[in-house]
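Novice: Just lifted these from TrEMBL, have a look:
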type    : residues                       : note
DOMAIN  : 22-201                         : domain 'Guanylate kinase-like'
BINDING : 29, 30, 31, 32, 33, 34, 35, 36 : ATP binding site
Ligand SMILES: Nc1nc2c(ncn2[C@@H]2O[C@H](COP(=O)(O)OP(=O)(O)O)[C@@H](O)[C@H]2O)c(=O)[nH]1
Ligand SMILES: Nc1ncnc2c1ncn2[C@@H]1O[C@H](COP(=O)(O)OP(=O)(O)O)[C@@H](O)[C@H]1O
């Protein structure tokens with residue numbers, strides 16, 4: 001993973017002309033809490049944010065598009081990618097395998113573009129180990145257990161057995177909430193999206209990410 005002082009960083013996502021390295025914005029939550037919905041809203045309104053498209057061995061859900069929601073691959077191909085070290089992180093979740101392809105993410109960060117991830121606590125731990133300075137992690141909590149079950153049922157994307165499996169795992173997933181930089185209880189969707197937007201804007205302005213600041217200040221001082 002290149003360092004934060006990568007010379008190719010650009011001004012993407014910042015006012016003015018200060019070069020910046022891109023960041024990895026991770027949303028994790030128990031299944032059904034709302035991370036996919038929040039992600040979609042974020043992508044609609046932010047030109048400097050792209051979604052990291054994971055590989056998975058899970059079966060495609062109705063309406064999901066290969067190459068957009070996931071790259072749907074078989075376990076043999078998944079293991080090949082792991083062995084070739086083509087994945088930034090990977091994990092087994094609900095009996096399926098998921099992972100983040102390296103290439104697109106590393107290219108975006110170098111170009112000062114931010115990347116949004118919808119990954120579980122295991123993947124987030126791996127990114128924290130390999131690229132802590134690039135990582136901003138947010139845990140999304142549902143407002144209540146019954147509301148979580150209602151959302152999973154209303155979403156109508158999983159069988160009753162699958163919903164029961166995800167509810168059973170929710171406790172284990174939520175036990176990792178304190179490992180995250182930020183925590184949002186997703187009561188009202190608009191408020192949650194506004195909160196994620198605010199976190200992203202603040203993180204973009206962090207001094208250590210604005211790798212072009214010293215040039216900018218020197219230019220400013222030269223003009224005084
Ligand atoms: N570690 C890791 N987890 C992932 C990745 N992609 C998805 N996940 C997680 O896998 C879990 C199941 O995702 P999915 O099958 O889409 O179900 P959903 O959470 O109900 O939308 C969720 O916790 C996702 O955050 C990935 O690339 N890496
Ligand atoms: N704040 C909210 N209030 C009510 N329903 C919500 C809220 N956020 C998300 N939802 C709904 O809950 C369901 C699960 O959301 P989703 O984004 O698929 O969760 P996840 O990606 O975490 O599994 C979807 O039908 C979504 O429209």
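Here the Cβ of each residue, glycine as well, is placed from N, Cα and C on the backbone.
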Novice: Pick from 29, 31, 36: which of these binding-site residues has the biggest number of other Cβ atoms within 10 Å of its Cβ?
Specialist: 29
Novice: Would you identify the secondary structure of residue 35 (ATP binding site) according to DSSP, in three states?
Specialist: helix
Novice: Excluding near sequence neighbours, so keeping only residues 6 or more apart in the same chain, what lies with its CB under 8 A of residue 34 (ATP binding site)?
Specialist: 140, 142, 151, 186, 189, 192
Novice: Under 6 Å from ligand 2 by C-beta, which of these binding-site residues make it: 29, 30, 32, 34? Sequence order, please.
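Specialist: 29, 32, 34, in sequence order.
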Novice: Which residues of the same chain, at least 6 positions away in sequence, have a Cβ lying under 8 Å from the Cβ of residue 32 (ATP binding site)?
Specialist: 142, 148, 149, 151, 152, 155, 166, 170
Novice: Note the Cβ centroid of 29, 30, 31, 32, 33, 34, 35, 36, the recorded ATP site, then list each other residue of that chain whose Cβ lies within 8 Å of it, in sequence.
Specialist: 140, 142, 148, 151, 186
Novice: From the binding-site residues listed here (30, 33, 34), select those whose CB sits under 6 A from an atom of ligand 1.
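Specialist: With ligand 1 as the reference and 6 Å as the Cβ limit, the list is empty: none.
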